[in-house]
Amino acid sequence: MKKKWKAFIRAIVFVAKDCPAVWPVTLLTAALEAAYPYINIILSAEILTEITSSTRDMERLLFLAALLVTMEFLGSCCVQFCSQLLNCLQYMVMAHLDESVVIKGWGMDYTLLCDPKIHEQQNTISHWFFWKGMVAMITQFRRLIGALVSIGISVALTVELFAARAAGDSMGARLVNHWTFPALFLLFFGLSTAYNIWSGSRFQKGTYQMEQDEKAPMNQAEELMKACCAEYQRGKDVRIFHAQGMLLGKFQELCEAIVGSRKKAKVSFRRTLVLSELLSRIFGIAVYLFAGLKTLYGAFGVGSLLKYTGMVTQFGDGIVAMVQTIDEMLQNGSYLADYFDYQDTKNITADAALPVAPEIREDYEFEFRHVTFTYPGAAGPSLRDISCKFRKGEKIAVVGRNGSGKTTFIKLLCRLYDPQEGQILLNGVDIREYRYEEYLRFFSTVFQDYHIFAFTLGENVAAESDYSRKRAARALENAGFGPRLRTMPQGLDTQLFKNFYEDGVELSGGEGQKVAIARCLYKDAPHAVLDEPTAALDAVAEADIYQRMNQFVQGKGAIYISHRLSSCHFCSRILVFDNGTLAETGTHEELLRAEGLYWKLWNAQAKYYQEERSEKSHRRRRF
Ligand code: ADP
């Protein structure tokens, strides 16, 4: 509970800081909305009183009618204007919230980002943005303030109703003037409000539970929706493998889970809702009768009867709205707490304070010292007791079978994960001690699963919107993308992919890799890391790229992971990984002489190429 209140206060402050106009506009809108129905109630009552009066004053009657029409018109305009303004402000808050979630996600440690719990938190927060959390809190405040204003006016009218005394000394007049009526009124009012609060809190708990139950299936259903139709790139496999049936089945399963949790919740809530509704209606009828009796015994005129009965409806609605809104606010506290939990997720990397001095770029050495690493949730380590050193100017090749730990090795080097055992050192200092942002600037990378954004080509190369066009064009040229660039009429401004633009250009796998390599060249960091950067390129293009890369990394450090061992020839040293361990290390010649794993892999690939070559010449002879 304390956590919810804390979240509540933080949310109010957040909104006030983010968009200072929100709270005053909420207050004004709510007050206007609540007061608006009373214009009609009070002025109609006055008009009716005037009509039924024996000393009817036509001038006053006309004035009241004109006042009613004018006030209703002006009131309606003001309510509409404020309501639309508030809606606009709420969208602004929502956009900023969305932004804050994304910014937090970008700044989060990579390990946390891979955590399914964080993924679910992000999905849930963005899914509920308008219905729950901070934006909903503004709507709730609007309703609560409105309810309070309405109750306030109604209380004033209620006091007036009880204060108006029936004339005469008849039995009926004495009865309606008796103090037991206000006492009964208060008692009934207190009881029905208490019941409403109790049933509302049950409802609130049930709703929250229901929403928790349907959170996971809802998020998964959304992902599936994207996979099925929203992202056209994924549509290929769906069609070729006729996966529609399987996807639809899974989608239906998820929808059934969502509907099931709703059905279950509804059955248990229905009874309390019916009783609460019944109580407020009985209360309304009682006040109706009481005001009617007072009119009969001459406490006030027919016009006032209209005013008091109108007031009863507003009073009842105000009470129900207040109780429901307080319930919703309590429930919403959990969503606010979810949001702040996400925002408060602490980065481990944030603690490091040591700057990466510029001199380090001039002369550096990395050392893996007995490094062992297990992925979160994995059964066993992906890397075991890895020890090796490499320094500026060295070109290191990392080879090994699939799953032997090559990519994990570079992920640790780039500090996307921290090892559980051992240390990675840069110039003798544990990399965990360096400022994370500065440490990351040390690397230019091309990962296997590089990502090309649906932005312009130039933005993809520079990873920013304000970039040097000359450098970007040169990087593309050096990455072997030059001929393709020259076919693009809009050059660097060519929009990639068709997600947002009809004339967006699709890239082949090889072209995409070249753009990723160009991004790596553009960054011009001291150390290049390339994880199978040429997997989608043919052997000629690969040789060409490696040659260009070699020129670029002259004097810098570089690590290459490649499945084609022939590409590693030019590297000064080769690290051979096997099943999470560093099995061998040495130059190409040394490793061949040792006749170990590298030698085996080399011979296997050489055999494959020889077979391929003899197959081709055989075919040539036949045709
Ligand atoms: P390589 O690059 O040599 O093909 P990886 O370093 O990608 O191998 O993977 C090494 C091992 O770690 C594999 O067994 C793989 O299944 C496992 N692995 C890779 N990424 C993850 C991850 N995010 N979570 C759990 N295990 C992973």
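Every residue gets a Cβ built from N, Cα and C, even glycine.
So that you can see what the record holds, here are the features copied from TrEMBL:
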- 21-41: transmembrane segment (TRANSMEM)
- 61-82: transmembrane segment (TRANSMEM)
- 144-167: transmembrane segment (TRANSMEM)
- 179-198: transmembrane segment (TRANSMEM)
- 236-331: domain 'ABC transmembrane type-1' (DOMAIN)
- 272-291: transmembrane segment (TRANSMEM)
- 366-604: domain 'ABC transporter' (DOMAIN)
Helix, strand and coil residues within the domain 'ABC transmembrane type-1' (236-331) as assigned by DSSP: 88 helix, 0 strand, 8 coil
Intrachain residues whose Cβ lies under 8 Å of the transmembrane segment (144-167), provided they are six or more past its termini: 26-27, 30-31, 33-35, 37-38, 173, 176-177, 181-182, 185, 287, 290-291, 293-294, 297-300, 304, 307-308, 311-312, 314-315, 317-319, 321-322, 325-326, 329
Sequence-remote partners of the transmembrane segment (179-198) [C-beta within less than 8 Å, at least six residues beyond its ends]: 158, 162, 275-276, 279-280, 283, 286-287, 290, 319-320, 323-324, 326-327
